[in-house]
Amino acid sequence: MSQVILDLQLACEDNSGLPEESQFQTWLNAVIPQFQEESEVTIRVVDTAESHSLNLTYRGKDKPTNVLSFPFEVPPGMEMSLLGDLVICRQVVEKEAQEQGKPLEAHWAHMVVHGSLHLLGYDHIEDDEAEEMEAIETEIMLALGYEDPYIAEKE
C-alpha cells in the first residue's frame, strides 16, 4: 500500500481558518501514490513576507506567490522517500480564491495538487507540458469532488 508521510508546518501569524491536517493529507494522497509508492512531503503554510522572500531568492520574482515547490534530489546511491517541500502562502491563496470566485477549500486543494505534481517532475513552461499537467490536475480535482480548476479558462 502506498503511503505519503506529511510534515505540516503552520508558520502564519494567525493559523485560524486554515485547512485541517487531515485535508492536506487527503489532497496529497490523491496525487502522489499514483506516481510513487512511498514518499514524505513537507507542506509549510506561510504569510506573504516569507513567500515573497523565497520567491525572490529562488525564482527571481519580487512578489509573493501561491505555491512554491522544492523537489528533493536524492544523492546517487541513496534510497530515500523524501519527495520535497511545498510552501503555500495563505494570503495569496485566499485572495486568488476570492478573485476567481472559487471555493476556498477547493483552491487550497488545487494548490496542493499542483505543487505535488511539480515535486513529481511535472511543469507548465511549454504549452504541451501545461496541457498534460492541467489535465492531470483536473482529473484529480474532479476525483476529490471539486470542480475543474481551469473551467473559467476553457469557457
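Placed from the backbone N, Cα and C atoms, the Cβ positions cover glycine too.
The following features are taken from Swiss-Prot:
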- His114, His118, His124: Zn(2+) binding site (BINDING)
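Locations of recorded Swiss-Prot features on the structure.
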residue : record              : Cβ contacts under 8 Å, 6 or more apart
His114  : Zn(2+) binding site : Val67, Met133, Glu137
His118  : Zn(2+) binding site : Ser69, Pro71
His124  : Zn(2+) binding site : Ala130, Met133, Glu134
Write out, in the order they occur in the sequence, the residues of the chain not among His114, His118, His124 that have a C-beta within 8 Å of the mean position of the C-beta atoms of the recorded Zn(2+) site.
Val67, Ser69, Gly115, Leu117, Tyr122, Asp123, Met133, Glu137
